[in-house]
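See below for the structure under consideration.
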Amino acid sequence: MQVTSVGHAGFLIESRAGSILCDPWVNPAYFASWFPFPDNSQLDWDALGDVDYLYVSHLHKDHFDPEHLRRYVNKDAVVLLPDYPVPDLRRELEKLGFHNFFETTDSVKHTVSGPKGDLDVMIIALRAPADGPIGDSGLVVSDRVTTVFNMNDARPVDLDVLHTDFGQIDVHMLQYSGAIWYPMVYDMPARAKEAFGIQKRQRQMDRCRQYIAQVGATWVVPSAGPPCFLDPELRDLNDDHGDPANIFPDQMVFLEQLRIHGHDGGLLMIPGSTADFTGSTLNSLTHPVDDPESIFTTGKAAYIEDYAQRMAPVLAAEKARWAPSAGEPMLEALRALFEPIMTQTDQICDGIGYPVELRLTGRDHNETVVLDFPKRVVREPIPDEKFRYGFEIPAALVRTVLRDEEPDWVNTIFLSTRFRAWRVGGYNEYLYTFFKCLTDERIAYADGWFAEAHDDSSSITLDGFQIQRRCPHLKADLSKFGVVEGNTLTCNLHGWQWNLENGRCLTTKGHELRCQKL
């Protein structure tokens, strides 16, 4: 089996039984904030797109690139479709002309048969509101000699099914770097922001190592990030200037962490790198350049500068597509968008629990709108009103998502990092869930998900405490992801924390943990 990196989370998996193209992403994403790193635009995409199977893990724009899929990928390819409760992914692929779908069942091993032979596949589908745009997934592929697990940026809760159905995993591709706007966009003291950044940088790599230990693959390929920020307004987000609080470490940083912790099976792959495997044996690893490591080390800043110069026309063209900042007040348009969604979800509106301020700003427009979740209305602010949570977003971006009828502001505005935020207290998961569920179908699913009781009947003992086995957040197994420091429990799946003296969640309201000291 051959595995070729096509950039970011993208891979071409080739075997005698067929070829699978996974998550090809080339065009800038999230209001042109994110570019693939290293540059993959010069690959032979006509050849790469001539495949038997296509796998798109989820709808985040650094995985689902509609323009690229429309232009380059064989429309007769069989799409390996994750088992999602809301069929948005299938609908979007159908719009692009794909018509052959193999609908998988979550975490069930399937055999796909084509003219070249049989492949065993499994797609682990994650369905919580926090997982992607209502869905994220990982793909297992076996040609019955070699088995690869392309986890990309999914965060599976239970991986025992891998070994039950496939035995030894030979190659494991997964995310290790940042893919979020925290803490950079938040108004907070510089020392606090630095401390949170240092903590997040390490935690996300620790989580990745925990997954690697659970899967136990012979070879590990760090993937699915980091992105590259080429807009001069965002260039400081690149990890090329020795900032220990930067949340976007690159492959070389993580491979060194693996070595420090005794794992020598890490592989550096850049766009165009090809690894050939027979079972757990690595037969060869070839790269498109003589010294790929220099892209991430001595030559990184120069590489990014050259990349930015090449992509300046692309960036300018993307910005030209944005709606103008100036225009009519947006209160009525936002009311028409948000209020019908608010009225459909007591779970999420009550979970948010307070009004949220939206400042819409630009050279030609300044407006403040209040999302009053307790009252389920969108209104103007009351004089001298104070807010626990607020955002300042360029008016041009809000006009653009309104014009384009975007169903998900996380997948457009928030991942762009082109905004500011402030809050009193902890992270509010319900708020960001609301912003990613701006359709009747999505909000109905998310409301129902939160309404379901979480199973906390099983218990474990961890460092002198008896606690419920499943994390109150997304049901991760705390015997694998839980870490106790003093009287604080951290679930390393998403970094949420609890006070073990009283079970109170320290990250957000609700989500209490059943626990007692032994």
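Each position is counted from 1, following the chain as shown.
Every residue gets a Cβ built from N, Cα and C, even glycine.
What Swiss-Prot says about this protein:
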- Cys471, His473, Cys491, His494: [2Fe-2S] cluster binding site (BINDING)
- 431-518: domain 'Rieske' (DOMAIN)
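The domain 'Rieske' (431-518): residue composition by secondary structure is 21 helix, 26 strand, 41 coil, according to DSSP. In this structure, the binding-site residues His473, His494 were compared by how many other Cβ atoms lie within 10 Å of their Cβ, and the smallest count belongs to His494. Neighbour list (Cys471 ([2Fe-2S] cluster binding site), Cβ cut-off 8 Å, at least 6 residues apart, same chain): Asp477, Leu478, Phe481, Gly482, Cys491, Leu493, Trp496.
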